[in-house]
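**Q** What follows is a structure written as structure tokens; I'll ask about it next.
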């Protein structure tokens, strides 16, 4: 008989060895000095799906960051040099930066404390929601909005459900590796539920429906196996897995900025709403059609508050109302912490990316204020703020979320 301790050690070893290694990977920073150079970078991204662009905008002077595998580094640098693009090596040892995140999280703390000090796993998040529904039954209810491809429960929490209230729908975690987004959603839940008396101005006339993890399969995979996994986990071919959930919504689906290559990080999916995860968002929002006045999707990273359209540089007819809400969030954060957020339409600030959730919510679900908030980055690369940074980021983000919700409450 194999001693139990040996079995445990072998199990731990199996988990450790299953992790994807980023040994030899580097992250490069490139600052385009003109719109033409920014366009060159965009074209490099479009024609090289193996390059993982962590950050890329149209704005000259805004540093792009690219994760590059050892096999691609020489050819990538040749491209940059050929086009006269200046670069620097931002992270020379990507694997080395991941060690703190591969260590087991210390248990024994209460979940409410964990919300702003560590990244909860999906089962812990659902446990937290359930605990709140039991502790505050008159304020909170929890429902299953859907089931992921691998069978995980996708839950929503409804806070302060009252007839006639305008509804705020907030989601996070469409992209697996953006851990700070679910952490921020959880902090918003904590503030609205456990500190409700301090947040009555955004509770008295508003009902909140929050889906803290849209893509639980990818989220768990990014914790257990591949820290920088972005997509869902449903197979999309013989060798590839996953779809970019934020290219999978059925509004101008499959158009500009959405890849047809199944292995690409921006793969649009085999059809619109091919993923059970995006269907869960669709169904939850459509149930609220008419009463939902504010759709907010949390992403990272990059200090942006963005709104439609993502498929064209044209603006919606009612863009000024959306911009007013977005500007309220940006100004509140600036006044509170000094951090500056860029506000504008997705295509004009970043790049065109059709099939996004905010475009769909605005055009199809008819939510009048539809916004994507790109949260601050952290750590060496951007996607990996250390646990010590969570509290600062979620506090700052809540200031902006609360200000936007207050503006919506005043409008509707």
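Indices start at 1 and increase along the chain as displayed.
Backbone N, Cα and C atoms are what each Cβ position is placed from, and that goes for glycine too.
Under the heading active site, proton donor/acceptor, Swiss-Prot lists 374. Residues annotated as Zn(2+) binding site in Swiss-Prot: 175, 178, 299. Annotation source Swiss-Prot lists domain 'Peptidase M14' at 118-408. Swiss-Prot lists 1-18 with the feature signal peptide.
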**Q** So, in DSSP terms, is the residue listed as 'active site, proton donor/acceptor' helix, strand, or coil?
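**A** The residue in question, the residue listed as 'active site, proton donor/acceptor', is strand (DSSP, three-state).
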**Q** Please work out the number of neighbouring Cβ atoms within 10 Å of the Cβ of residue 178 (Zn(2+) binding site), leaving out its own Cβ.
**A** 26
**Q** Please report how many Å separate the Cα atom of residue 175 (Zn(2+) binding site) from that of the residue listed as 'active site, proton donor/acceptor', as a whole number.
**A** 12
**Q** Can you tell me how many other Cβ atoms are located within 10 Å of the Cβ belonging to residue 299 (Zn(2+) binding site)?
**A** 23
**Q** List, in sequence order, the same-chain residues at least six positions removed whose CB sits under 8 Å from that of the residue listed as 'active site, proton donor/acceptor'?
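**A** The residue listed as 'active site, proton donor/acceptor' has long-range Cβ partners 299, 300, 301, 302, 303, 304, 305, 306.
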**Q** Taking the domain 'Peptidase M14' (118-408) alone, what is its mean pLDDT?
**A** 96
**Q** Cβ within 8 Å of the Zn(2+) site centroid (175, 178, 299 excluded): which residues?
**A** 172, 173, 174, 176, 177, 181, 230, 246, 298, 300, 301
